[in-house]
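A.B. asks: Pasting in a structure now, in structure tokens, and then I'll have a few things to ask.
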């Protein structure tokens, strides 16, 4: 109520992507295909983990939550982008804009925490294989997931409430394809220093520290594997960490660059491209990087298909 009492505008205008009119249809088809790939890939992972008891392990508990987070993360922004591209109506109500920002932060933060949990799970599995079951107990894993949801909900609500207290005057044009927090702060006509300090401090806790923990976990994994100096060991280290670290670097690199270390001469096009990387590309790649190409998931898919063909097959 506070935000609505102080603001003199009822909606914002999302400029969307800087593309030419003749490219609209092609871009619409491309983003629709990427969004459907994200939905189907992540839904398949969730269903397989739910149906196959062989996948009821800590790693796949984290993976199922990551897939749900990716699915929701993309669904917060991409449907509105597709709607605007199709209808040529860039407006979004004030309340809807804050709601979109809230859930964007929630699921983005949740992904950050889950990536840390997955890195720690791999660290324990490779460096302490004999103690894996004792360390990664069901209670610990469920507690980590529950705590991640609580912390991300609190963080998203904090930023939403701080944004709602700001005044927005004449300028309501957001040069972005979603209600980005930094873009909204630039439109505010009241003091935003508190918001900026909270972004910097909480961003360090939510983004930078998890990123460093992930790098530390994978560094220990590589160090542990390379203690056996063999070509096979090196290949195993690279296959274990290389693809995972590429997605982690893509996600955290763009987030840190956009929100914690913004460039003074940063252009709207550059910011939009960087945002597309972690809102569209990363959620689409995660199912392929983390799950769909490994033997456990392929085996689970085969077992589920066989059970559907022969219900009496155990």
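Keep in mind that glycine also has a Cβ here, set from the backbone N, Cα and C atoms.
Source: prediction; values computed, not measured.
Pulled from Swiss-Prot, these are the listed features:
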DISULFID  97-189  disulfide bond
CARBOHYD  5  N-linked glycosylation site
CARBOHYD  265  N-linked glycosylation site
TOPO_DOM  1-25  topological domain 'Extracellular'
TOPO_DOM  50-57  topological domain 'Cytoplasmic'
TOPO_DOM  80-100  topological domain 'Extracellular'
TOPO_DOM  121-139  topological domain 'Cytoplasmic'
TOPO_DOM  159-196  topological domain 'Extracellular'
TOPO_DOM  220-236  topological domain 'Cytoplasmic'
TOPO_DOM  261-272  topological domain 'Extracellular'
TOPO_DOM  293-314  topological domain 'Cytoplasmic'
TRANSMEM  26-49  transmembrane segment
TRANSMEM  58-79  transmembrane segment
TRANSMEM  101-120  transmembrane segment
TRANSMEM  140-158  transmembrane segment
TRANSMEM  197-219  transmembrane segment
TRANSMEM  237-260  transmembrane segment
TRANSMEM  273-292  transmembrane segment
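What's the neighbourhood like for each of these?
C.D. replies: The Cβ of residue 189 (disulfide bond) lies under 8 Å from the Cβ of 167, 168, 169, 171, each of which sits 6+ residues away along the same chain. Taken residue by residue with DSSP, residue 189 (disulfide bond) is part of neither helix nor strand, so it is coil.
Proximity of distant same-chain residues to the topological domain 'Cytoplasmic' (50-57), defined by a Cβ-Cβ separation under 8 Å and at least 6 residues beyond the stretch ends, is recorded for 64, 296-297, 299-300, 303-304.
When DSSP labels each residue, the topological domain 'Extracellular' (80-100) comes out as 15 helix, 3 strand, 3 coil, counted as helix, strand and coil in that order.
Taking H, G and I as helix, E and B as strand and the rest as coil, DSSP gives the topological domain 'Cytoplasmic' (121-139) the counts 16 helix, 0 strand, 3 coil.
When DSSP labels each residue, the topological domain 'Extracellular' (159-196) comes out as 17 helix, 4 strand, 17 coil, counted as helix, strand and coil in that order.
Mean pLDDT of the predicted structure over the topological domain 'Cytoplasmic' (220-236): 73.
Nonlocal intrachain contacts for the transmembrane segment (26-49), taken as residues 6+ away from its ends with a CB within less than 8 angstroms of a stretch CB, comprise 17, 19, 55-56, 60-61, 63-64, 67-68, 70-71, 74-75, 78-79, 81-82, 85-86, 280-281, 283-284, 286-288, 291-292, 297, 300-301, 304.
Counting same-chain residues at least six beyond the ends of the transmembrane segment (58-79), those with a Cβ under 8 angstroms from any Cβ of the stretch are 31, 34-35, 38-39, 41-43, 45-46, 49-50, 100, 103-104, 107-108, 110-111, 114-115, 117-118, 121-122, 125, 136, 138, 141-142, 144-145, 148, 177-178, 279-280, 282-284, 286-287, 290-291, 296.
Here the transmembrane segment (101-120) has Cβ contacts under 8 Å with residues 59, 62-63, 65-66, 69-70, 72-73, 76-77, 141, 144-145, 148-149, 151-153, 155-157, 159-160, 163, 178-181, 184, 206-207, 210-211, 213-214, 217-218, 244, 248, 251-252, 255, 278, 290 of the same chain, all six or more residues outside its ends.
Long-range neighbours of the transmembrane segment (197-219) within the same chain, counting only residues 6 or more positions beyond its ends whose Cβ lies under 8 Å from a Cβ of the stretch, are 109, 112-113, 115-116, 119-120, 122-123, 152, 155, 158-159, 162, 181-182, 241, 244-245, 248, 252, 255-256, 259-260.
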A.B. asks: Using Cβ atoms only, which residues of the same chain lie under 8 Å from residue 97 (disulfide bond) while being at least 6 residues apart in sequence?
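C.D. replies: Residues satisfying the criterion: 11, 12, 174, 179, 184.
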A.B. asks: Could you pull out which residues elsewhere in the chain have a CB under 8 Å from any CB of the topological domain 'Cytoplasmic' (121-139), counting only those six or more residues past its ends?
C.D. replies: 58-59, 62, 217-218, 220-221, 224-225, 240, 244
A.B. asks: Checking distant contacts: for the topological domain 'Extracellular' (80-100), what same-chain residues at least six beyond its ends satisfy Cβ-Cβ under 8 A?
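C.D. replies: For the topological domain 'Extracellular' (80-100), the far contacts come to 3-4, 7, 9-17, 24, 27-28, 31-32, 35, 160, 163-164, 168, 174, 177-179, 184.
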